[in-house]
Amino acid sequence: MHRAFFSDAMLHYGRASDSDLPHDLHSTPQVPLLTNGQMIDDIPPEQHALVPSFLGGAGGGKRIHPLPFSDPALPVQPRSMDPSKDLAAYGYGSVAWKERMESWKQKQDKLQMMKNENSGKGWDPEGDGPDLPLMDEARQPLSRKLPIPSSQINPYRMIIIIRLVVLGFFFHYRVMHPVNDAYPLWLVSVICEIWFALSWILDQFPKWLPIDRETYLDRLSLRYEKEGQPSQLCPVDIFVSTVDPLKEPPLVTANTVLSILAVDYPIDKISCYVSDDGAAMLTFEALSETSEFAKKWVPFCKKFSIEPRAPEFYFAQKMDYLKDKVLPSFVKDRRAMKREYEEFKVRINALVAKAQKVPEEGWTMQDGTLWPGNNVRDHPGMIQVFLGQSGGHDTDGNELPRLVYVSREKRPGFNHHKKAGAMNALVRVSAVLTNAPYLLNLDCDHYINNSKALRESMCFLMDPLLGKRVCYVQFPQRFDGIDRHDRYANRNTVFFDINMKGLDGIQGPIYVGTGCVFRRQAFYGFDAPKAKKPPTRTCNCLPKWCCCGCLCSGTRKKKKTNKPKSEMKKKNSGMGAPVRALEGIEEGIEGVEGENFTLISGQKLEKKFGQSSVFVASTLLEDGGTLKSASPASLLKEAIHVISCGYEDKTEWGKEVGWIYGSVTEDILTGFKMHCHGWRSIYCIPDRPAFKGSAPINLSDRLHQVLRWALGSVEIFLSRHCPLWYGYGGGLKWLERLSYINATVYPWTSIPLLAYCTLPAVCLLTGKFITPELSNVASLWFLSLFICIFATGILEMRWSGVGIDEWWRNEQFWVIGGVSSHLFAVFQGLLKVLAGVDTNFTVTSKAGDDEEFSELYAFKWTTLLIPPTTLLIINLIGVVAGVSNAINNGYESWGPLFGKLFFAFWVIVHLYPFLKGLLGRQNRTPTIIIVWSILLASIFSLLWVRIDPFLAKSNGPLLEECGLDCN
């Protein structure tokens, strides 16, 4: 095992104090001089035309900061002028004075324009208000909100209100005008429409306050990376999770790790932890090869500032790689690096080929001992440090970030909680070894596409005002390898570019499982700090802002206290999580009471976090860092202890601490718990996508991905954490709660959606319809509702920038997923939660072609395909039957038929991408799909024909009644 020296990672905020400012700026108000505050050598400040009375004895060497505002209540004492003197002595009349006046007017006009642009933006308690013309660039906000222009958002909100009103009149008509001869169809349709309306409300109103955000990376560097001083940026621990190297190729994981090691961030602030929950020797050996290749790849990336820094995707991108490159050695070095990477790929592929056949005695390591993870379900915990400060250097002699392999202990009889349990193990291991205050988690197939992604997140998390209440910064998911038409809405741009922006204006986006930078303290179940009101302003600076860029502190008096300074230093630093004394770790840590937390005994901490004094001590360090007295060997021993399979027993892990258990979509549940504690999250969309990953692009894999998400939502809905009844009285805002309710309720829409998509075929086969003959007023409400639906979508696309093709693909897949994956998820969730039956839907692959996007046309049999296929067939049968019936019955039957045909075509058009995926490129579909679908459609159609056939039965007279004797 390699060993690495783990240094302390204590953080310091590089924020200037008020003591650095001139005394005049604190004690006296400011009035702009005619020279815009510039010191003129030939005209001292006491000889200007207007001199404030308080400047009488002020020295002439002070710089006066110009302010675009003045206080009318401020006493200004005019200076008496001697008529015998030349006006130039007072600054008037000369050419220099005129030039200074023109310059001053131009600057004042510029300041006034900036004021007008930010008019109407008052104090923002989160600290991301208007970007005022502050004097010190390093003290300006690191980010700011960019509200959607009123010309775009106001019509959008108006059409939502109008749509609500129209819905009210629409349902009044639908309920008050039943269809007596088709009452069951009418009743089913009304129930479905009411459910759709409620689902729309849950989805629509969380998008009421959409915003954009802007970050300032240059200000971050000015504040925390001062020249000649060590970087004060916060350390970050990065988690990468993988399970099965045969399903998640090691080369993909290696590219993700390489992009992390080459990220544009201080090297000593980065630690990468790879969780191998399958304990595969293939993953271990591939990571060893990756660490060796990183010694060549990282200096190449930083020397030439290339993007992206995952070699597979860098060398595969179709663009001019010489753009913006000026170093003559670039072409030569790039060719050499590409050759090195190809040799690296060959070594990884050789490892994969070797792993296809497992020896009978199991895998053996280089020293001859058996690999501890040969039994996947019964093996000890393993930690291997590949790179670190003591031995990880690149080819240029520079240090490399830490790279740590982690495989937690597994024993029979323990519930290991799948991915959530693996991530919690990484939280504990990283807390013991490095304990960075911030965490980034990535799936093994999501690489860093923007090397400045961590800096983007720090613009929010390290902002002195905004960052204190932020639990995580979520980045949107972007994907490679998707076909141009995005047939199955894999990009999911409607969710990431519309819904998430709307949530960012409330309490923040939900956590989507990857590409998210967390505050470590938010994982420990601590409440967010209370928002403090801005202090009362007593000086005459800019409204609520000092000219130096800091909040006015006023003239508050400090409370007297008799406590010694040593106890005062133990108080909370105001960042929301407890900072407690670290004495007495072995006997049990005692918390020190502060303003945001209560006294917690050592026993309670161990009951909450587990039996590890080192880990418990790390939870008390708000700004991160490890114990200075601990040796690397003792830390590694403690790290092995915290990943033991019984460590979480009788603790709050998975309940209130760490990733929350109880659902396969642990991401939604974890973010929900944080928001319930009063934290807020941030949605960051850089110009260059921060992370990119791979998405399943064929139909079967896409449906199974959606099935997993929907199943997790059903599990949350049936648990105690359901947003309908959990978390009241906490810090969760009501619009944010609506979004979480929508995220857990949406799979249940599959039941009314399936019924509603069946209605067109029933109407066409029976000759009935769900509405009576429409009057002019009723037609008006139907037409108005359709117009409002389309107007809402168009206006959403306008303010979000989503294309109409993306919006339409999302609408289509909402129907496809609703009648297949969501429906199966509801029944599977009910069986799992209520009956304890865990049902899995297996996928059998069918080989595709080797050309680009061949996976798009690969077909895999799954039971999820049966319901939408059946819907397609019965609706097509209904269309044929309805048209045939109209032809037989004459011209009068065509009028009522148009409404039914429109209804049926609505279903068929939404299922059209499914039909294309079903047929594939070769227009072939497995026989079993056709047989089952035709069988179900035939049974359904014959049943309705038997109950209500097109031709009425002849009820002729009975012979006994007519009285005729035919004999």
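Placement of Cβ uses the backbone N, Cα and C atoms for every residue, glycine included.
Quick look at what TrEMBL lists:
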| type | residues | note |
| --- | --- | --- |
| TRANSMEM | 154-171 | transmembrane segment |
| TRANSMEM | 183-202 | transmembrane segment |
| BINDING | S241, K247, E248, D277, K418 | UDP-alpha-D-glucose binding site |
| ACT_SITE | D277 | active site |
| BINDING | K419, D443 | Mn(2+) binding site |
| ACT_SITE | D667 | active site |
| TRANSMEM | 746-765 | transmembrane segment |
| TRANSMEM | 777-795 | transmembrane segment |
| TRANSMEM | 815-835 | transmembrane segment |
| TRANSMEM | 856-877 | transmembrane segment |
| TRANSMEM | 897-915 | transmembrane segment |
| TRANSMEM | 927-947 | transmembrane segment |
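With all protein chains in the displayed structure included, the most crowded Cβ environment within 10 Å among the binding-site residues K247, K418, K419 is that of K419. Contact between the transmembrane segment (777-795) and the transmembrane segment (897-915) is not supported: fewer than 3 Cβ pairs lie under 8 Å, counting only residues 6 or more apart in sequence.
Looking at K247 (UDP-alpha-D-glucose binding site) and D667 (active site), their Cα atoms lie 22 Å from each other.
Of all the Cβ atoms in the protein chains shown, 22 others lie within 10 Å of the Cβ of D443 (Mn(2+) binding site). Contact between the transmembrane segment (897-915) and the transmembrane segment (746-765) is supported by 3 or more Cβ pairs under 8 Å, counting only residues 6 or more apart in sequence.
Geometry remark: D277 (UDP-alpha-D-glucose binding site) versus K419 (Mn(2+) binding site), CA distance 8 Å. Within 10 Å of S241 (UDP-alpha-D-glucose binding site), as judged by C-alpha distances, the recorded positions found are K419, D443; the full candidate list was K419, D443, D667. Cβ atoms within 8 Å of the centroid of the Cβ atoms of S241, K247, E248, D277, K418 (the UDP-alpha-D-glucose site) belong to the same-chain residues T242, V243, D244, G278, K419, A422, C444, site residues excluded. Counting same-chain residues at least six beyond the ends of the transmembrane segment (746-765), those with a Cβ under 8 angstroms from any Cβ of the stretch are 182, 185, 188-189, 191-193, 195-196, 199, 710-711, 713-714, 717, 815, 818-819, 822-823, 825-826, 829, 867, 871, 874-875, 877-879, 881-882, 900-901, 903-904, 906-907, 940-941, 944-945.
Between K419 (Mn(2+) binding site) and D667 (active site), the C-alpha separation comes to 10 Å.
Using a 10 Å Cβ-Cβ cutoff, D277 (UDP-alpha-D-glucose binding site) registers 22 neighbours. In terms of C-alpha distance, the listed recorded positions E248, K418, D667 place E248 closest to D443 (Mn(2+) binding site). By neighbour count, meaning other C-beta atoms within 10 Å, the densest spot among the recorded positions E248, D667 is D667. Its own atom aside, the Cβ of S241 (UDP-alpha-D-glucose binding site) has 22 Cβ atoms within 10 angstroms in the protein chains shown. A Cα-Cα distance of 13 Å separates K418 (UDP-alpha-D-glucose binding site) from D667 (active site). Taking the C-alpha positions, the distance from D667 (active site) to E248 (UDP-alpha-D-glucose binding site) comes to 20 Å.
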